[in-house]
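Peer 1: TrEMBL lists these features:
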- 12-32: transmembrane segment (TRANSMEM)
- 44-69: transmembrane segment (TRANSMEM)
- 89-113: transmembrane segment (TRANSMEM)
- 125-150: transmembrane segment (TRANSMEM)
- 177-202: transmembrane segment (TRANSMEM)
Amino acid sequence: MPYLVHTAHAQFVGLWVGAVGWILTIVAVGLVEWRVWEVSDLSVITSGMAWVGIWKVCFYTSVIVTPEYKVMYCQRMHLTDPYMPNEIAAAQALMLLAFILGFLGNSIIIYGLRNIYFGLNEARSITLPFSFGGGLMLLAGVSSLIPLYWNINSVVTNQTINFPPNFNMPPAPDKQYVGSGIAVGIFASILVVLSGIVFLCYKLPEGLNSKIKPSRKKENNDGLCETEMAVHVKSRQKPEQDRINSLGIDNLAFQSPKDG
């Protein structure tokens, strides 16, 4: 098996880049600071600032609190809630899809790198995992970028969300801006996309495919040589047999007693 580890240095780095991007995708999903609302009414939101994530809405207040957060009031959002805006519903679904695709992509990529470092004799066991895993990573990055940019557009256009009364949120913010959740998500998506591109661009060095698999040509040549030798031996034996036949050999069955 030819030494192929030196051909996959970029892919080794790409594995770590993709793994970091995948972990940051999980972090972005859990962060509540996707959209930051600034409000002027401090009667309930005493901090004057509320955070809208894809799973819950939170703000600091000294008026109402939830026991688990003490000084922070939070309400969860679900995909089936009637007030749920499309960009947040899409984020819930697509970010989870990106998480699953990233996990599968990294797993397949690890298998491909393992084949390189263990020196397997099949070219397909290297190129197929890299191509398939890289494609999954690319899809994971695109799946997360769609809701991230959709929410950025909602922030830029200052779109509001019609929260129910128990959320204690104002009808619209005075102004809003992009939070750390979206920033982390975009950075993670870029890393995942770059990782996918690195693996999709991998190619075996030219002329190496024939060296990875056992050479059938050599086997055929060996068999051909043996056949030629057998034919050569037979061809040498045939004149000898013809010479004996031409000289003639008496058959004892036809000899008379006098000849005996």
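Positions of Cβ are set from backbone N, Cα and C atoms, glycine also.
From a predicted model like this one, the values you see are computed outputs, not experimental measurements.
Help me see these features in their spatial surroundings.
Peer 2: Sequence-distant contacts of the transmembrane segment (12-32) (same chain, six or more residues past either end, CB-CB distance under 8 Å): 51-58, 74, 95-96, 98-99, 102-103, 105-106, 109-110, 113, 137, 140-141, 144, 179-182, 184-185, 187-192, 194-196, 198-199.
Nonlocal intrachain contacts for the transmembrane segment (44-69), taken as residues 6+ away from its ends with a CB within less than 8 angstroms of a stretch CB, comprise 29-38, 75-77, 88, 91-92, 95, 147, 161, 163, 167-170, 173, 179, 181.
With a threshold of 8 Å between CB atoms, the same-chain residues lying at least 6 positions outside the transmembrane segment (89-113) that come near it are 8, 11-12, 14-15, 18-19, 21-22, 25-26, 28-29, 34, 54-55, 79, 125-126, 128-130, 132-137, 139-141, 143-144, 146-148, 150-151, 185, 189, 192, 196, 199.
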